[in-house]
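Here's the structure, in structure tokens; my notes come after.
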Amino acid sequence: MAKQVVTTVCFVLFHCIISYWAFMSSCSIHSSTKIIIPDIARYFGTKGRYEEVNAYLIDDILAINNSLVTLPSSKCSEIHLTVIIRHGTRYPTIKNIQKMREFHDLVVREATGNLNCLSEIKSQWKMWYTDDMDGRLVDQGREDHRHLAQRLIKWFPSLLTEENVRQGRVKLITSSKHRCVNSTIAFREGLMKGLRSEAKLELAVNDALMRYFDQCERFVKEVENNKSALEEVKRFHEGPEMKRVMEKMADRLEVPYASITDDSVEAGFFLCAYEFAIQKLNSPWCQLFDEVDAQVMEYAGDLKQYWKRSYGHEINSKSSCILFHDLFHRLDQVVAEITKNSDAIVSEAVTVQVGHAETLLPLLTLLDLFKDDIPLSSTNFATQHNRIFRSGNIVPYAANLLVVLYKCPEGIRMGVRLNEKSLTLPGLTDPVPMYEDVKTRYSTLLKGCDQETVCKINS
Ligand SMILES: *[C@@H]1O[C@H](CO)[C@@H](O)[C@H](O)[C@H]1NC(C)=O
Ligand SMILES: *[C@@H]1O[C@H](CO)[C@@H](O)[C@H](O)[C@H]1NC(C)=O
Ligand SMILES: *[C@@H]1O[C@H](CO)[C@@H](O)[C@H](O)[C@H]1NC(C)=O
């Protein structure tokens, strides 16, 4: 008896020591026992983790949270789902890898400050990003899509079925970019695993739909290839808030102010964001920014998205007319099938389209979502503190727009979710409105918004 107590005490004690040791070592950047989230992670914008917008996924990546979703009455049943998804977590592009390398070199060569993180960067951190990584999907990005597919099976168990896959009622469409193709392949893996299916499911590449922005001549000329279209972004980079971030950085590194440019602070911020998104590390780079610095960096990123992909210029959203019409055309077809025969099996139950942040943002803008009363500009950082246009909330990695049709006794209803949270379309009060009311709301776009007309340049 006594021996048993002693054994138990020893065991408990041993356990405590082990737990304590595990806790302590988790503070080291090399441990994977517990992930420490950088304090500034919510400011990473388009380089942010999906888990930052849905924190319940941190404990269980396959969880779904019903309290975030509004459903129509239980007399309704789901008849169709369209999902438009951004690719998963990726490596930096070559341009940013080069900026990161330059900043790392500068820190190693010139920084004399005595912050802990500086000695860590100098003695332990290796510049492991290489040019050939250029925007490629990372393992985490594959996981993002596998898991999303598995959650969608839980969300829509009557639509994402083995039967629907086998009968060709589930379609996969992707942008031709390797990160999107590989995301779609990972999505398919998640789907097949979740459904225990061995059916064949091909993916179709369609850049006219998923990279419409390349093919809209007016957008390319007036925004993409036009420096003055992003004048506000440039002004903010030269403005007092950014200057302060640069000075604080120079003070921390103890280098001359002239050594630090907007590119340097951007590179440092990206290093923190990428090390976290790709490797789950709270890297020493993150210590070079306080919260206000991170808010300024976030605003610089949001300004760019705003002027290049969103409300800044009308052509940004109009360039997505082709994707808008593709969506409503499909929904109309589903409604027509059901109207003809209310017991019909819908021929396209689920459509999955994989693209970019640049695919999603203009479409959300066309729908009038996330529109602040006052435009984002180079001079209103302070008053835009509570803006709704936050790219980190809207288009993190694996961001997804879900459009659901329901068959109800009173007719067809439509629900919209962004990142697995219900949205009420602006101008409508019902979170799951009648489909006809949605069409009335967007009637101007449905009658016009013709890609040919919108994108053509009359010379
Ligand atoms: C679901 O989301 C709500 C609102 O964000 C949150 O309060 C709640 O904890 C989440 N539920 C679970 C099970 O995590
Ligand atoms: C990702 O896609 C590219 C091109 O489609 C391919 O060459 C590569 O092998 C893929 N990577 C993985 C790990 O699947
Ligand atoms: C470039 O953008 C500016 C500002 O929006 C605009 O005034 C100008 O017309 C654009 N230039 C071209 C060539 O479209």
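Cβ coordinates are placed from backbone N, Cα and C, and glycine is handled just like the others.
Secondary structure at Cys76 (disulfide bond), as computed by DSSP, is coil. Annotation for Cys76 (disulfide bond): spatial neighbours Tyr406, Lys407, Cys408, Pro409, Arg413, criterion Cβ-Cβ under 8 Å with sequence separation of six or more. Annotation comment: TrEMBL describes Cys76-Cys408 (among others) as disulfide bond.
Sequence-distant neighbours of Cys286 (disulfide bond): residues of the same chain at least 6 apart with a C-beta under 8 Å from its C-beta are Pro38, Asp39, Ile40, Cys117, Cys272, Glu275, Phe276. Cys286 (disulfide bond) falls within a helical segment according to DSSP. If you look up TrEMBL, you'll see Cys272-Cys286 (among others) marked as disulfide bond.
The transmembrane segment annotation in TrEMBL covers 5-23.
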Candidates Cys272, Cys408: member of the disulfide-bonded residues with the richest Cβ shell (10 Å)
Cys272
